[in-house]
Structures are given as structure tokens and as C-alpha cells.
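In Swiss-Prot this protein carries:
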BINDING   Cys62, Cys65, Cys68, Cys112  [4Fe-4S] cluster 1 binding site
BINDING   Cys72, Cys102, Cys105, Cys108  [4Fe-4S] cluster 2 binding site
DOMAIN    52-82  domain '4Fe-4S ferredoxin-type 1'
DOMAIN    93-122  domain '4Fe-4S ferredoxin-type 2'
Amino acid sequence: MKLDQVARSLLLKEFVSGFFLAMKYFLKPKATINYPFEMGHRGPRFRGEHALRRYPNGEERCIACKLCEAICPAQAITIEAGPRRNDGTRRTTRYDIDMVKCIYCGMCQEACPVDAIVEGPNFEFSVETREELLYDKQKLLENGDRWEREIARNIAIDAPYR
């Protein structure tokens, strides 16, 4: 037994096997991405910054049903509905999301019957003050207008599974 230990220490078997293992991984392509310059793949169900969508004619989709407000586990959504219009529909006068409270669970998006509130593809929305994370209706509509093409594509891809 002692002779075996002496042979291993003289031949540095562990060192050589570790060196070859390191060289094996050293020569493989890198698994990481250079983040600010390269963007990783985001799937169609990615939950990023919230957005309110519009119909192609420019009218907002939200019908003030308040399902998203009711289902939000963090109670981050506040909606106030205006009076009924001549055609019997309602629209929101106030639609606020407190992004500090939001846990990005996606339940608001799942509850919406008209796909008005969605969690878009944007995840880079750092701010300097907490007040900037209180999204009002105008900010949410701007997000929807900015990301509409990608949001519509992601919803179309995900449609068979909904």
C-alpha cells in the first residue's frame, strides 16, 4: 500500500488529470454572454415591464373590468373607471401600477379578457427615484406603443398554449 502512494506522489497523477480536465474546458467555447453588448434569448412568456395595449385603430383595449386589480396578489394595481359610454362600454380614467409592489407573477395578464395589460419584453428599466416606479396610465400606454410589435408576436407564439 505504501509503494502505491509513493508512485502516485512521484508521478503526480492527480495533478496531471486535473490539468487535462482544465484544458478540456479551456478549449471549449464560452458559455457566458457579454451582457451589455450581447443580449440573451428571451422566451415569448418572458415577464418584464408592464404595458397597456391599444387596438389597431388607436383605442385603448382596457374595458375597466378590474379583474387584474382583483387578482393581483401584491395589490399593486389601482383602477378607476369612467362612466359608461353610449355603446355601453367603459374605459379607465386611472390605471396605476406600483412597480415597487409588483412581483411580476403575470396573473394580471392572464386575467385580462382583452389582452390589455401585458408584461412586455423590456427588463432594463432602472430609475433614480422610487416615484418613477409608480406607473400611470400614460406611461403604460407609451410602453405598449413602444413594444407593440414584439408583444403581439409573443402573444401569437403563445396563443396555442393559452
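Glycine is treated like the rest: Cβ placed from N, Cα and C.
Worth saying up front: this structure is predicted, and the values here are computed from it rather than measured.
Other Cβ atoms within 10 Å of the Cβ of Cys65 ([4Fe-4S] cluster 1 binding site) number 17 in total over all chains. Of all the binding-site residues in the list Cys62, Cys65, Cys68, Cys112, the shortest Cα-Cα distance to Cys105 ([4Fe-4S] cluster 2 binding site) is found for Cys68. When pLDDT values are averaged over the domain '4Fe-4S ferredoxin-type 1' (52-82), the model yields 95. Ranked by CA distance from Cys72 ([4Fe-4S] cluster 2 binding site), the binding-site residues Cys62, Cys65, Cys112 have Cys112 at the top as the closest. Nearest by CA distance to Cys102 ([4Fe-4S] cluster 2 binding site), out of the binding-site residues Cys62, Cys65, Cys68, Cys112, is Cys68.
Within 10 Å of Cys108 ([4Fe-4S] cluster 2 binding site), counting C-alpha to C-alpha distances, fall the following of the binding-site residues Cys62, Cys65, Cys68: Cys68. Most Cβ neighbours within 10 Å, among the binding-site residues Cys68, Cys72, Cys105: Cys68 holds that distinction in the structure as shown. For the recorded site, Cys62 ([4Fe-4S] cluster 1 binding site), the DSSP three-state label reads coil. Taking a C-beta cut-off of under 8 angstroms and a sequence separation of 6 or more, Cys112 ([4Fe-4S] cluster 1 binding site) has the following same-chain neighbours: Leu67, Cys68, Val118.
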